[in-house]
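Here is what Swiss-Prot says about this protein:
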- Gly9, Thr10, Ser11, Leu12, Asp13, Ala14, Val15, Asp16: ATP binding site (BINDING)
Amino acid sequence: MRVLGFMTGTSLDAVDMAVLETDGEGISAFGPAGERKLTDATREILLEATEAALKWERGEPEPQIFAKAAVTVAEEHFAAAEAFLAEHGLVWSEFDLLGMHGQTVLHERPQDGVPGRTVQLGDAGLLASLTGRPVAHDFRSADVAAGGEGAPLAPIYHLARARASGLEPPLAVLNVGGVANVTFWSGPGDFAAFDTGPGNGMIDLLVQARKAGRYDAGGRYASVGRVDEAVVRALLAHPYFEAPAPKSLDRYDFSLEPLEPLQLEDACATLVAFTAEAVGRGFELMGEVPREVVVTGGGRHNPEIMKALAARLPAPVKTAEDHGWRGDSIEAEAFAYLAARCARGQPISFPKTTGVARPMTGGRIVQPE
């Protein structure tokens, strides 16, 4: 199948797109990949939807902004893809399927017998109508309904990508996005995954709150700051770090309040140290040392995060590009791959990745009208 995958992360930065040819097991070809920055208007609507989601009590009606935001996400995806296809000389009829993750505005893990909640906004029916192609979407809700965490979902793709590169276990793939998650590939058919803690999401929120930009570009603030070890310890006291794996996070699960007394540079340096220590503790939780750690996601562009990871982790730290991977496109590739698995009825979540009782299929496919 030729599939176009889409991903929009919690950083609200861009629509990522990638083309794969896959049967949901192996990858026969990697097509073009790219991104289109979200418009300011779309970002504002999605921020409003996220704020509404954070206030949304269980049992209450869905916030009205969700429907408007879902249409906006679909329209933004279509506009991004139209430009992407034109750039690469492609047409919609070349694709068997589209895979749209949607925009996460809420993710609550199951706790103390209370089931989780997860919301990804995106009007898949509208996208199918605009493109004339079937769209796989809603990848997480079946896992959550079955008692799973609903995240992370990329691990099965991490294995396929590693095999396509000739990599062998034991291997770790670390995605440093808004939240950081790791996939441990121990051996044939043996893999586990979970969210280690915040990635660069808290740094983004901090920089935005201080009116200092959208993110710490190139680690320029963290590079001249000093780590406040007491604040790192306070952040690490969060009960999440005592919970057994598999487990998942939302980027808003941690408060910036402990960082308020710190100067911007010191706060950024402290969050870098916190992210690296949280990842390190995640590796200790697994109790095994991989041959190497392959880092994907936007966090790998921050030299301070990469230096902190190299100092903290027990194995060599490499970037996705060191193995010829497209590090900014891994998530979009993953949802192209998961869309193919959805179409073929193959599982996308597993007991050791989301805590679900058995391997679960996921996603729904909507046909164009």
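The backbone N, Cα and C atoms fix where each Cβ goes, and this holds for glycine too.
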Cβ neighbour count within 10 Å, max among the binding-site residues Leu12, Ala14, Val15, goes to Val15
Within 10 angstroms of the C-beta of Thr10 (ATP binding site), what count of other C-beta atoms is obtained when all protein chains are considered? 21
What number of additional C-beta atoms lies within 10 angstroms of the C-beta atom of Asp16 (ATP binding site)? 24
Including all protein chains displayed, how many Cβ atoms other than that of Ser11 (ATP binding site) lie within 10 Å of its Cβ? 19
Would you say which of the binding-site residues Gly9, Asp13 has the most Cβ atoms within 10 Å of its own Cβ? Gly9
Given the recorded ATP site (Gly9, Thr10, Ser11, Leu12, Asp13, Ala14, Val15, Asp16), which additional residues of the same chain have their Cβ within 8 Å of the Cβ centre, ordered by sequence? Met7, Thr8, Leu38
